[in-house]
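Enquirer: There's a structure below that I have some questions on.
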Amino acid sequence: MLEKRVELEGMKVMEIEKCRNDIKKLSEEIASRNNSNFLDDNKKRSPCIPSDPKCHLSKETMEALRLPTFDAWQWEPNEMLSCLEHMYHDLGLVRDFNINPITLKRWLLCIHDNYRNNPYHNFRHCFCVTQMMYSMICLCSLQEKFTQMEILALMTAAVCHDLDHPGFNNMYQINARTEMALRYNDISPLENHHCAVAFQIFSQPDCNIFFNFDPEAFKQIRQETITLILATDMARHSEILKTFKQKVDNFDYTNKEHVACLKMVLIKCCDISNEVRPMEVAEPWVDCLLEEYFMQSDREKAEGLPVAPFMDREKVTKSTAQTGFIKFVLLPMFETVMKLFPQIEEVMVKPLRESRDRYEELKQTDDAMNEVQKKKSENLTMDGEK
């Protein structure tokens, strides 16, 4: 009995040692995987999905999706995923590129999981940008002017354009010398990261909607998608718009440079298109953006980094932020696009002009109130001195 007990104890020791070795090996594997990949293990895992590949949207919803007035605040994430899925089917992309509907579902779920819960740069923003792109494709009859490959690139770039956004912009990344800024040598660190995460997801066979592409076609869609996502860096805004203005009066759809420039302007329009939407849809986004800006400027102050005035909670108001942005960024770009597509004037440019007027009025009210407060403070100071 004693011998048997000694033998059993010895076996237990061997089992424990084996377990320790297995755990050590697994830990090293996980550490190695975390160092070599952008996505953590939870995000890389293929999501479980319902077996039914079809979307169940009402006719009213399908029609509303085609309009710039669509209100994304009313929808839950799973409903927005169904809407995105519908767009790919409705544009004929699933059919024309032989995309497995189940793979499309998995990919979209993986996209959702790789947007962070930032106040502004989150999955709902991704949905709004893509829905506006879909709306422009329908409104401007872009399928008559672009190839289906180009339509696929525009839609996919819109879906992926802010993947894994950390909530702090490129200037913060560069000034704080983050790992992202070092990796991309201060050149559009965020946009390069969004591209890298997008294609990390595509590298998973069960999330690869380009699975049936031959190598040349994959190379083309990859290059187009990357070019479009990189164009969303606002540091390049003046350069891209200036180039487009030079081409728009004699625009030629057979000229590759002209078409490439137009596509970059289109994704830029969609990325910053909130003010095109009705006031009750657009205004909450301003609050979300300012919240994200203030989080960044608070951290910059704490870390002794430069703070942009338009992000400083002590210097910026909703009215000042939006008045300048609409007048000097949005309107010049949308009015230039309107030269090619006059049909956007009523549904996009007109709402922008109304939004500008509304914020200018609000700014005048704010300025008047600030003047009153300033005079009160001066009077109190003089009374105190007396």
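Residue numbering: from 1, along the chain as shown.
Every residue gets a Cβ built from N, Cα and C, even glycine.
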Enquirer: Can you say which of 37-61, 362-386 is given as region 'Disordered' in TrEMBL?
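Expert: In TrEMBL, residues 362-386 carry the label region 'Disordered'.
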Enquirer: For the binding-site residues Asp162, Asp271, work out the Cβ neighbour count at 10 Å and name the residue with the minimum.
Expert: Asp271
Enquirer: Counting only residues 6+ apart in the same chain, whose Cβ is under 8 Å from the Cβ of Asn122 (AMP binding site)?
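Expert: Set apart from Asn122 (AMP binding site) by at least 6 residues yet with Cβ under 8 Å, we have Tyr115, Arg116, His165.
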Enquirer: Across all chains shown, how many C-beta atoms besides its own are within 10 angstroms of the C-beta of Phe123 (AMP binding site)?
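Expert: A 10 Å sphere around the Cβ of Phe123 (AMP binding site) contains 20 other Cβ atoms.
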Enquirer: Using only the residues recorded as binding AMP (His121, Asn122, Phe123, Arg124, His125, Asp162, Asp271, Gln322), report the maximum Cα-Cα distance in Å, whole number please.
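Expert: The span, Cα to Cα at its widest, is 23 Å.
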Enquirer: Around His121 (active site, proton donor), how many other CB atoms lie within 10 A of its CB?
Expert: 25
Enquirer: Among the binding-site residues Arg124, His125, point out the residue whose Cβ has the most other Cβ atoms within 10 Å, with all shown protein chains included in the count.
Expert: His125
